[in-house]
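Copied from Swiss-Prot, the annotated features are:
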type     : residues      : note
SIGNAL   : 1-20          : signal peptide
DOMAIN   : 21-169        : domain 'Thioredoxin 1'
COMPBIAS : 38-58         : compositional bias 'Acidic residues'
MOTIF    : 91-94         : motif 'CXXC'
DISULFID : CYS91-CYS94   : disulfide bond
DOMAIN   : 158-301       : domain 'Thioredoxin 2'
DISULFID : CYS206-CYS209 : disulfide bond
MOD_RES  : LYS366        : N6-acetyllysine
DOMAIN   : 505-636       : domain 'Thioredoxin 3'
MOTIF    : 555-558       : motif 'CXXC'
DISULFID : CYS555-CYS558 : disulfide bond
MOTIF    : 642-645       : motif 'Prevents secretion from ER'
Amino acid sequence: MRPRKAFLLLLLLGLVQLLAVAGAEGPDEDSSNRENAIEDEEEEEEEDDDEEEDDLEVKEENGVLVLNDANFDNFVADKDTVLLEFYAPWCGHCKQFAPEYEKIANILKDKDPPIPVAKIDATSASVLASRFDVSGYPTIKILKKGQAVDYEGSRTQEEIVAKVREVSQPDWTPPPEVTLVLTKENFDEVVNDADIILVEFYAPWCGHCKKLAPEYEKAAKELSKRSPPIPLAKVDATAETDLAKRFDVSGYPTLKIFRKGRPYDYNGPREKYGIVDYMIEQSGPPSKEILTLKQVQEFLKDGDDVIIIGVFKGESDPAYQQYQDAANNLREDYKFHHTFSTEIAKFLKVSQGQLVVMQPEKFQSKYEPRSHMMDVQGSTQDSAIKDFVLKYALPLVGHRKVSNDAKRYTRRPLVVVYYSVDFSFDYRAATQFWRSKVLEVAKDFPEYTFAIADEEDYAGEVKDLGLSESGEDVNAAILDESGKKFAMEPEEFDSDTLREFVTAFKKGKLKPVIKSQPVPKNNKGPVKVVVGKTFDSIVMDPKKDVLIEFYAPWCGHCKQLEPVYNSLAKKYKGQKGLVIAKMDATANDVPSDRYKVEGFPTIYFAPSGDKKNPVKFEGGDRDLEHLSKFIEEHATKLSRTKEEL
């Protein structure tokens, strides 16, 4: 027994020793793994540090320093003057400019003290691009003691070097702003004395105003060089509240043109060259003088638009001055003419002190007067002249074109007849043949506007009307005040068929044509999908509040809004009286002009019982908080309190 016990004892001792060895090996392996992990982390940190060091390091390429968001501020902090170029790698002008810029860098490097020349890839250094308002490539700026000076000269070595050397002088200071600053103390004096001046009413906190500011100043500099100069001015509307109220300033920035103190709306662009071109055009006379009878005859024979002529004694005639003032109000939409010629007055069968409005020969007809006359005196109101011109600006049946659509054919209902419209010599007779058929109907419906339109110019509209495959040479449609469209059934066109069509519309017997995607088979999601055919049944449902988003599939802002909009719909899912909906406005008609879509996304709240007065979501962030607040402010059917929501 003793040997057996001894054997067992030895066996147990061996197992204990084996376990001890295994236990000793385990910790060594774990320790090794931990050490490896620590080493990997240290290597990653070193790599990150290397990348940060790479970003902070100012590299040089052919004498030009390379700056970015990370190293810019450190580099320029102690520099008096730095030349900067903001470029894009794909920009052709930047590539052409690169060799010249490298020469400039080498020249300025030799200056005592040397002036650093740097470039910034604005497509990757987005912070700097935004900070320095970079909107085009290449953009050149000179940094003087940390303040950016716009370079507006040519991209030549000589001119850039000269400007940099000028700015680098110790006594150089930026030139004062050319834009005049107006207050209630000097406003009337400055504005009343100017033949023409542009005034911006702004708010210091307004983002759009800040964006406009550099362009406005550049335009002011450019226009100050003209002879005579055209001044630009600005008014802080938050400080000068009386001036803002006096000129009905309700948003920022508001721009107005003043001519000897008389205000006119500014409807031009908001960037340097657009402002300059617009103001140069506006500074010219609103009416051009007609010197010869031949000019009038050419207007009548070859003209393509309404002819407006004022006949006066001379430039000192008070009636002429009043006519000029009225012309300024409409100069963007119509061409005004005047004459002091008695020969022309006799030809037009008018007297001095009269305004005549007439159509070129191709738009005249036996159903309407050849011309319309109005007496103009020094006391005649601008509005009276304006109303007269607008009343007779269109012929009984005019030519609707893409170029005049927005200015001439906005009145509804509009009856449009589509065919191959061509007033050139070879095709004029055919064009007038079909137009004469339209005239026979138009004379009996003075409350409607009639026009002919070339079917190719309006191919998209014809297709939306379902008429592109009609098989007929002539088609017709009616566009009404609410945005609805009505197509005439394809059949051989003549005056009788058009008359029947217009009469049926007048009696409300026509069904509108609505461009629409197919009605969704499954529309049970939190966000209801609206198409053209279901707009009335969903959005215009008088028993429900509806929040409707009009979107475009390609719109980036719409894509960003989608998850927020889905969350909003889920939040209010239990509200049976509220519908959260969306509609692809590029693939569906919006059959109501109350819901105007001028950009994407556009959001309206259509309250129950008042669908003709939807509320547009404007001004706030398109996030869950603001959209929820918008709903709760206008909802009529919420079953819970705001606190519960």
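Each residue, glycine too, has its Cβ placed from N, Cα and C.
On the structure: features taken from Swiss-Prot.
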| residue | record | Cβ contacts under 8 Å, 6 or more apart |
| --- | --- | --- |
| CYS91 | disulfide bond | TYR137, PRO138 |
| CYS94 | disulfide bond | GLU85, TYR87, ALA88, TYR137, PRO138 |
| CYS206 | disulfide bond | TYR252, PRO253 |
| CYS209 | disulfide bond | GLU200, TYR202, ALA203, TYR252, PRO253 |
| LYS366 | N6-acetyllysine | none |
| CYS555 | disulfide bond | PHE600, PRO601 |
| CYS558 | disulfide bond | GLU549, TYR551, ALA552, PHE600, PRO601 |
Intrachain residues whose Cβ lies under 8 Å of the motif 'CXXC' (91-94), provided they are six or more past its termini: 85, 137-138
Predicted model, mean pLDDT over the domain 'Thioredoxin 2' (158-301): 94
CYS209 (disulfide bond) in three-state DSSP notation: helix
Counts by DSSP class (helix H/G/I, strand E/B, coil) across the motif 'CXXC' (555-558): 3 helix, 0 strand, 1 coil
